[in-house]
Ligand code: BES
Ligand code: ZN
């Protein structure tokens, strides 16, 4: 296990490390909290360790017991909370005096309940669900929100198996990021059901996950189910039917079988702040991925990839986050390449390279929007005192993927990269690793390849290499031709019709990105015509609508405001809301939109948004 210091945790995992977590919690929808206890096993790493320091946030801790003693007044340990910062507090538990030698096993129980400050848990009233009858809740722990439900060493440097018991009101169904451990037990007198889940593979705390609601499930492959409310079941089943095909492609590329047994998907309300979250055995996805035509299923390929990069080989701290996401983007695009090739011979590389062009556009947009915080455009930023969720952007994804593409170009193509990646997964599986370890492994494998790692990791901006001349330009040229057609002075001269964009939807995304990133302001007549001809505001593909809306706002086309208002009331995804609210704020600074109007839009949706979104915007937009 890596011993780098995690700037976002108070845990003393260098001294005593948690080896097992067993939360036993009851879900109380009326009070919107969970209560119960978590049993923790830890092992001391050297002698004279006086405390076990855990991360907590928003937890009301009642007591801590030493489980190795019979319950007496002595078996309670006098915990303290010596440090308390906005991103978390330190729960300090004195180790029993007989547990201070190297290798001693400590076994404690923390009794507590969560609170409204438990930002890792989102609650929905029945009227916010598809079925409107039952409440719903789910957890989202990445990056540092596990501590808001479970006292733990909330750093990705520490990995442990877990067993979670959850008691819910009958007939609600619980699901966790692990397999069902035993049959659910009904208590007729209390009207409750107790579920127990177990994840045997050691995982970082951010991968622990729970959802409770009126969930149904349906098989979508030999090792996969989709979970959602009855109302969405048919559509979800169709949309995600390629899951097994992505799993097989991922196994082939990573050179290692899928190690987690089953791979299920759980559909969450559009308020979910991400497209997908790779909780082991049970990827959480946003309902917004259901478009009716499988246009956004690349997110599934992405989350499946995390079964290797992220969940088996894990970044040891959040400044190393690109090891999770950059590797995942790179491999996700290889999966899309493989699947395209299977569908139509000769198209694989073209599709992969175009996906990489799309990524380069995303990187350009991300660098542009981070102008005021350039530290965050570094691949390995300084995160001391920063909440990683506030630092979240596409930089680690796309600059990370760009670095791997650059390495591919240096080592002579995709196949040598795949050969290296396979060894990398074997070497580091079940571990948490740092940038240094990855670099060392690469250099051992390719001793003659020289890379300026410092520039890549620690310099701001786009990175020292432009991939365009390396990438196949077939699809990009088609896109560029349409961009050229639209970057003229008046809309009247543009001869366009809907069939222009009867192509890969990724081409429409790049088209819109390039119109935005080209630096040329577009006239309002041009934007209006764009929407009339291609009907972007009506698109079911959220990746397309958000790009159009952003482009319109950037060009001060305020007529689009009602569409933006509708969009932000349905989709809580962070990468969409950040640019849209960001643009609305800029427009209100320029007095083109009434500031109060922007605040009203935000206020109307605030209770629907996840805590990470509220944290990002409250200071600017809450009344
Ligand atoms: N693990 C991430 C989501 C995440 C990252 C949550 C950091 C919290 C903190 C997930 O795998 C992801 O990358 N989702 C993307 C998918 C996209 C790149 C295909 C998303 O939701 O935008
Ligand atoms: Zn990811």
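Glycine is treated like the rest: Cβ placed from N, Cα and C.
Some features that TrEMBL has for this protein:
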ACT_SITE  303  active site, proton acceptor
ACT_SITE  397  active site, proton donor
BINDING   302, 306, 325  Zn(2+) binding site
DOMAIN    474-621  domain 'Peptidase M1 leukotriene A4 hydrolase/aminopeptidase C-terminal'
### Query
According to DSSP, how is the domain 'Peptidase M1 leukotriene A4 hydrolase/aminopeptidase C-terminal' (474-621) divided among helix, strand and coil residues?
114 helix, 0 strand, 34 coil
### Query
What Cα-Cα separation, expressed in whole Å, is found between residue 302 (Zn(2+) binding site) and residue 397 (active site, proton donor)?
11
### Those residues of the chain, 6+ apart, with a Cβ under 8 Å from that of residue 325 (Zn(2+) binding site)
310, 396, 397, 400
### Summary
Same-chain, non-site residues whose Cβ lies within 8 A of the 302, 306, 325 Cβ center for Zn(2+) are 276, 278, 303, 305, 309, 310, 324, 327, 328, 329, 332, 397
### Query
Are any of the recorded positions 303, 325, 397 near ligand 2, with a Cβ under 6 Å from it, and if so which?
325
### Message
Just to be sure I understand the packing, how many Cβ atoms besides its own are within 10 Å of the Cβ of residue 303 (active site, proton acceptor)?
### Response
26
### Task
May I ask you to report the DSSP-based helix, strand or coil state of residue 306 (Zn(2+) binding site)?
coil
### Task
Would you report the average pLDDT that the model assigns to the domain 'Peptidase M1 leukotriene A4 hydrolase/aminopeptidase C-terminal' (474-621)?
96
### Query
CB neighbours of residue 306 (Zn(2+) binding site) within 10 A?
25
### Query
For the recorded positions 302, 397, which Cβ has the most other Cβ atoms within 10 Å, all shown protein chains included?
397
